[in-house]
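Quick notes on the structure that follows.
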Amino acid sequence: MKRVGILNSTISEMVANMGHTDMLAIVDMGFPIPDGAKKVDLVVDKGKPGLLEVVEVILKELEVEKIILAEEMNEKNPETRDLLINLVGKNNSNVKIEFVPHEEFKKISRTSKGFVRTGADRPYSNVILVSGVIF
């Protein structure tokens, strides 16, 4: 049995298969995941698990060069935005942050290698992690 890192086998596999510039979408419980997309639904209750705790574990294994957020998060959910940016910055202070309109975010997410649905229940609690390289 695996002891450390991502213990969910499907998420672990998705991260292991990521290449440079591949994307992984970590989304809230209401986000529309496209039919046929690879997804892991972690929701056990409203708010559980939260976006930040899921992202924190994934960042232990995934090299991230950029994150994409909905620009609506700036007005509707600045607290989560700030906590998320600080969390990502702890792992890599050079991570680029891109804000796009929510409708554009949904379009971009369709090209993600996978989706991880969290129990996040705050508006626009979604992030796309863009994979970097380790060399």
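Don't overthink the numbers, they just go from 1 along the chain as shown.
Using N, Cα and C of the backbone, Cβ positions are placed for all residues, glycine too.
Per Swiss-Prot, the feature active site, proton donor maps to H20. The C-beta environment of H20 (active site, proton donor), restricted to residues of the same chain at least 6 apart in sequence and closer than 8 Å, consists of S131, G132, V133.
Taken from Swiss-Prot, the feature substrate binding site applies to D28, H102, Y124, S125, N126, supported by sequence analysis. Taken residue by residue with DSSP, Y124 (substrate binding site) is part of neither helix nor strand, so it is coil.
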Checklist line | Distance in Å spanning the most remote Cα pair of D28, H102, Y124, S125, N126, given for substrate | finding: 13
Checklist line | Y124 (substrate binding site), number of other Cβ atoms within 10 Å | finding: 22
